[in-house]
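Peer 1: I have a structure here, written as structure tokens, and I will follow up with some questions on it.
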Amino acid sequence: MDFVLKMKDKSLKNRKLTREEGLRLFNSNLEELIKEANNIRKEIHGDGIDLCSIINGKSGRCGEDCAFCAQSKYHKTNISEYPLLDYEKIKKVAKENEDEGVHRFSIVTSGRGLYGEEFERVITYYSNLNKELKINLCASHGIINKESLIKLKKAGVKRYHHNLETSRNCYDKICKTHSYEERVKTIKNAKEAGLEVCSGGIIGLGETIIDRIDLAITLRELEIKSIPINVLSAIKGTKLQHMIPLNEEEILRTIAVFRFINPEAKIRLAGGRYLLKNFGENAFKAGANATITGNLLTTCGNKIKDDKRLIENIGMRIF
């Protein structure tokens, strides 16, 4: 049996692919790889696309040194810096997304975490949003303990977002101010608190293909069911400002291999979609079945109406 077909059958039976198999898949025939990744997606998930959106609820002045991030105080970028937004501003954006048919909405805040008065304010925000709107609520507030996560859940949050960013082996090349294990612990805390978890990473940081495969396997081991894949936007003033953008083929290969390794998960297009033709049309044919829509934290995304049109044009549907 052809290797890619053999791996598809293994994936559909939920038998765990090895890193060696993942690497061989990455280097296999592109057309066949994409076709079978798409077949895995169809067989397990059907043709539905999950849409989520975010708001940059607190921007800049972050004390962490993540090499890719425009919000780090270690970088000189031209982003807007502001404290936690007021509730009405956040509610307005959440309501606009709900009215457009977006499934999930998350407040994202800069910094290692959110503490004290700001954390209590955001708990009130979620509680009010949960009462006033129907959109599913997600949260992204950095490294956090289980007690705080339980508070988020009680306030109506269903899912916590916390990316691993890259492999354990590569992590200290992009961040020195906190450890990979702290990120893993946050994910475990969220699961123990009864929250769903959204966690993925960024490709194009200078990592190897093996690093990407190791990330996909770690996410599988953590049983993550929503995996955002960001493609680095090299922002002027950051440590990675001179990184050469990935080409579309490499991005599609990565998405497809993530689908093989994580057949049950939603593979979510996130930052850097502008690097793909028509904001990722081919990615939805390579195993992706979810996307962040609208603007991101410090970069522009695709408009919701344009994403809805794109999804319709490729014969898929928003569920």
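Every residue gets a Cβ built from N, Cα and C, even glycine.
Remember, predicted model here, so these are calculated numbers, not experimental data.
As listed in Swiss-Prot for this protein:
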type: DOMAIN; residues: 44-273; note: domain 'Radical SAM core'
type: BINDING; residues: C62, C66, C69; note: [4Fe-4S] cluster binding site
type: BINDING; residues: S106, C138, C198, R268; note: [2Fe-2S] cluster binding site
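Distances, neighbours, how buried they are, the whole picture for these features please.
Peer 2: A strand conformation is recorded for C62 ([4Fe-4S] cluster binding site) in the three-state DSSP classification. C62 ([4Fe-4S] cluster binding site): 22 other CB atoms within 10 A of its CB, across all protein chains.
Same-chain residues at least 6 positions away in sequence with a Cβ under 8 Å from that of S106 ([2Fe-2S] cluster binding site) are, in sequence order, C52, S53, I54, I55, L137, C138, A139, S140, R159, H161.
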Peer 1: For R268 ([2Fe-2S] cluster binding site) and C69 ([4Fe-4S] cluster binding site), what Cα-Cα distance in Å is obtained after rounding to a whole number?
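Peer 2: R268 ([2Fe-2S] cluster binding site) to C69 ([4Fe-4S] cluster binding site), Cα-Cα distance: 20 Å.
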Peer 1: Cα-Cα separation of C66 ([4Fe-4S] cluster binding site) and C198 ([2Fe-2S] cluster binding site), in Å?
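Peer 2: With distance taken Cα to Cα, C198 ([2Fe-2S] cluster binding site) is 19 Å from C66 ([4Fe-4S] cluster binding site).
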Peer 1: For the recorded [4Fe-4S] cluster site, enumerate neighbouring residues of the same chain (Cβ within 8 Å of the Cβ centroid of C62, C66, C69, site residues themselves excluded), in sequence order.
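Peer 2: Sorted by sequence, the hits are E64, D65, F68, A70, Q71, S72, Y74, H75, S110, C175.
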Peer 1: Pop the Cα-Cα gap between C198 ([2Fe-2S] cluster binding site) and C62 ([4Fe-4S] cluster binding site) into the table, whole Å please.
Peer 2: 22
Peer 1: Around the [2Fe-2S] cluster site formed by S106, C138, C198, R268, list the extra residues of the same chain whose Cβ is within 8 Å of the site's Cβ centroid.
Peer 2: C52, I54, R104, S140, R159, H161, S226, P228, I292
Peer 1: List the Cα distance (Å, whole number) between C69 ([4Fe-4S] cluster binding site) and C198 ([2Fe-2S] cluster binding site).
Peer 2: 19
Peer 1: Are there any residues in the same chain, six or more apart in sequence, whose C-beta is under 8 angstroms from the C-beta of C198 ([2Fe-2S] cluster binding site), and if so which?
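Peer 2: Those within reach of C198 ([2Fe-2S] cluster binding site), by Cβ under 8 Å and sequence separation of 6 or more, are C138, R159, Y160, H161, H162, I224, S226, I227, P228, R268.
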